[in-house]
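What follows is a set of notes on a single structure, which appears directly below.
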Amino acid sequence: MTTTSKTSLQEEYVIDAVDHRGFSARRSITGRWRAAWFIIGVEVAERFANYGIGSNLISYLTGPLGQSTAVAAANVNAWSGISTILPLLGAFVADAFLGRYITIIIASFIYVLGLAFLTLSAFLIPNNTEVTSSPSSFLNALFFFSLYLVAIGQSGHKPCVQAFGADQFDEKNPQENSDRSSFFNWWYLSMCAGIGLAILVVVYIQENVSWALGFGIPCVFMVISLVLFVLGRKSYRFSKTRQEEETNPFTRIGRVFFVAFKNQRLNSSDLCKVELIEANRSQESPEELSFLNKALLVPNDSDEGEVACKSRDVEDATALVRLIPVWLTTLAYAIPFAQYMTFFTKQGVTMERTIFPGVEIPPASLQVLISISIVLFVPIYDRVLVPIGRSITKDPCGITTLKRIGTGMVLATLTMVVAALVESKRLETAKEYGLIDQPKTTLPMSIWWLFPQYMLLGLADVHTLVGMQEFFYSQVPTELRSLGLAIYLSAMGVGSLLSSLLIYLIDLATGGDAGNSWFNSNLNRAHLDYFYWLLAVVSAVGFFTFLFISKSYIYRRVDVV
């Protein structure tokens, strides 16, 4: 085949991708934005469903379920954390066995089932907003079973849908690679549109009509999302696994760690073969090999059929190890991020929420400000700031993903500082008007005081969360793209669990509701301001640690065709 004809085929067909019939995917009729918008639509519906439950969950727990503020906040953080850690399992199933498409369909069925049971449990529990008596153990068990069934559905849905969407763009094609970077921006914008709709519509229904209806509407939206996803099948590109490999990527990479550990004490005199090392490794001697590179060696006394690990597998394993320090530092962002669905909402309950005579804003609805700031800023970032940055840095994305993440971490620190100052003002207002021991009395302080912290958190999300999605997707081996997004989600999940643990320990140390707890159920006697200052320090320390680590990070190389 001539070079010209080979180039023509590469332009017409996508390497390592097939269409719905299993044939090589044609660039002109599959993938890119025609397929991506189907998948983005699915995510809008899923986020509508998720936030239709989660955004006002603390109000349901402290209302109809009769839990204290500290216990409810811990339960929300625990559910949120587990929901974003379980995708590691879903990604494993998708990347090792079922593939993204089938995993999404199965996970969606589980998701719908969980929402249906959740609706049933809310229908059976009295629709109280004030605590009178706790529901029966059976109804409590049904509610939490349903809630965690939804989390299991999310485990397969969340990492695979976004990875499947990004798969519609060929990273080896310069134009499609640039479009893929835009995809992550528009994905997040559209996702926030679904979140905003849920916060405005579903939360209002939950607060003013019925919790059962408020949980039932998300269930209907998830059914719609599943139908929409299947309708777009003919336009999708499906990733091919490496044909020469008989084992799944987890087995190959796991073998690298096993062999490397076994070969740690080997030196050059013990070797009978070294797997050929590509590119910049070709000049390395055995003594210079790092821990994982020892997997490229075979000892003299090995069995006849024993072979060294392939250099590609070692590179894949090394890429995963490099992500660990970055992942750890992003936890400093994830812990403050967990607060907007819990304590931000509880602050709003105590404040003046009337916008028109007889019309009050549900406290959880203020979360829509995060979505609004994202919807407003993403187009500016994608269409204005990225081209400006591209002209200066020559980077197709404007700035590197790590710089984008770091910018968001700075904004998150600022968010916590502002939140602490606003909470101090709220406590001063309660003291000034003699309302410290009247927690159910509305303070003469507008809920719009919370506006800056919500908007700042939205700007931080545009940088850090979108940056993390693109970073972890692009830096893992091609066959593990679902895992890459699950790694990003797990950081947010572990952050939520750490937040829950931190709340528990601080509540224990400061005496609970009987003492001067920072999280006293009477927020006028609590000290959320102290907690926010603590989180500001955690976030700042995390940022400087991230800055140190990111300077030495080596990005994964992509071969462009």
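Just so it is clear, glycine is given a Cβ too, placed from its N, Cα and C backbone atoms.
Keep in mind the model is a prediction, meaning the values are calculated, not measured.
Copied from Swiss-Prot, the annotated features are:
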type	residues	note
TRANSMEM	78-98	transmembrane segment
MOD_RES	THR103	phosphothreonine
TRANSMEM	104-124	transmembrane segment
TRANSMEM	133-153	transmembrane segment
TRANSMEM	183-203	transmembrane segment
TRANSMEM	211-231	transmembrane segment
TRANSMEM	324-344	transmembrane segment
TRANSMEM	361-381	transmembrane segment
TRANSMEM	405-425	transmembrane segment
TRANSMEM	447-467	transmembrane segment
TRANSMEM	486-506	transmembrane segment
TRANSMEM	530-550	transmembrane segment
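For the transmembrane segment (405-425), the list of distant contacts is 330, 332-333, 336-337, 339, 344, 347, 445, 449-450, 452-453, 456-457, 459-465, 467-468, 471, 528-530, 532-533, 535-536, 539-540, 542-543, 546-547, 550: same-chain residues at least six beyond its ends, Cβ to Cβ under 8 Å. Remark: the transmembrane segment (104-124) makes no contact with the transmembrane segment (486-506), by the rule of 3 or more CB pairs under 8 A. Among the stretches 133-153, 324-344, 361-381, 447-467, 486-506, the one making the largest number of Cβ pairs under 8 Å with the transmembrane segment (183-203) is 361-381.
Contact count against the transmembrane segment (78-98) (Cβ pairs under 8 Å) is highest for 486-506, out of 133-153, 324-344, 361-381, 447-467, 486-506. Here the transmembrane segment (486-506) does not touch the transmembrane segment (211-231). Their Cβ atoms form fewer than 3 pairs under 8 Å, with each pair 6 or more residues apart.
For the transmembrane segment (361-381), the list of distant contacts is 51, 55-56, 58-59, 185-186, 188-189, 192-193, 195-196, 199-200, 203-204, 206-208, 340-341, 344-349, 353, 355, 447, 450-451, 454-455, 457-459, 461-462, 466: same-chain residues at least six beyond its ends, Cβ to Cβ under 8 Å. Spatially close to THR103 (phosphothreonine) yet at least six residues away along the chain are GLY90, VAL93, ALA94, GLY156, CYS160, SER482, judged by Cβ distances under 8 angstroms.
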